[in-house]
Amino acid sequence: MSTKRKSTALGIERRVRARREEDWEPEASADPSASEASADEEASEDADDTGSDNDSDAASDQDDGSAYDGPLASISFGALARAQESLPASQRRRKASQASDPDGPPEHSHKRPERGAKDGSSSTAEKRKQQQQQQDLKRSSKHAPQEVSSKKPVSRRREIIADTRRKARDPRFDALAGRVDEARIAKAYSFLDEYRESEMAELRAQIKKTKGAEEKEALKRQLLSMESKKKARLKREEEARVLDEHRRREKELVAQGKKPFYLKESERKKQLLVKRFEGMSKGQVDRAIERKRKKVASKEKKELISLERRRH
């Protein structure tokens, strides 16, 4: 006959099943007190001998009282108490509640299936959503652009597709060839200016001969473009001459022992304006001043309009 005992030492509740002994026949004794004393001694030996008892896990809620075999049978109550003290407080409380109610259902028996079912349903929903998005973004044909949903915000990052086409380059103006000497290049290709002058003369003659309004307008635009390019080129050359002249004078002054003076942007513009007016007649100067005045007035008018709009 097996009996279950619970030990409450050190806050640990255990179920202990008495060791099953071979059937034996009690000897006939006339003294009943001696038989009772022997029974008490056997019961105390069974309770003290923990190495021979089959332990049952307190966290498991098995009511059949199945015993563990192997090295767990040799663990003492003190070692189990120290192990329980090393656990977090939450796990200790859970273990104690499970041990106090061994007949109750396990804590995680009804949660894991629901969690698994929930995860499975969410994963399938995400897959369906991705498939639907892929179908929505499909093209009607390989030549049609890709359709993008307007509900999804456009990312700030853009995928830049590299241009695999081979770019033409001039090794004369490549950075590997060294610093570009514009004065030397202008001198080497000065014959191009003569070609441009001859082309402009031909365009003027062709404009006089042409009778069609559209053709004449196209030739005039072409001639105007060439003239504006020529003016910009002459302006750059004039700026370079003024700067070279200033540097030459400064080198002479430095050779005499004076400190160098670096020309400011405003001073450079002033000298360019003086040089430009020196080569003009009085009428040309007046017209240039009038154009400059109109340009400044229009600029101030635009700024005033923008300020009034901001106030309102």
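Residue numbers in this text run from 1 along the chain shown.
Just so you know, glycine gets a Cβ as well, placed from its N, Cα and C.
TrEMBL does not curate its annotations; it predicts them automatically.
Now, the feature entries from TrEMBL:
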type     : residues : note
COMPBIAS : 12-22    : compositional bias 'Basic and acidic residues'
COMPBIAS : 38-66    : compositional bias 'Acidic residues'
COMPBIAS : 156-174  : compositional bias 'Basic and acidic residues'
COMPBIAS : 235-248  : compositional bias 'Basic and acidic residues'
COMPBIAS : 297-312  : compositional bias 'Basic and acidic residues'
REGION   : 1-174    : region 'Disordered'
REGION   : 228-248  : region 'Disordered'
REGION   : 284-312  : region 'Disordered'
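Outside the region 'Disordered' (228-248), and at least 6 residues removed from its termini, the chain residues within Cβ reach (under 8 Å) are 182-183, 186, 196, 200, 263, 268, 271-272, 275-276. Each residue in the compositional bias 'Basic and acidic residues' (235-248) gets a DSSP state, and the totals come to 14 helix, 0 strand, 0 coil. Break the region 'Disordered' (284-312) down by DSSP state and the numbers are 28 helix, 0 strand, 1 coil.
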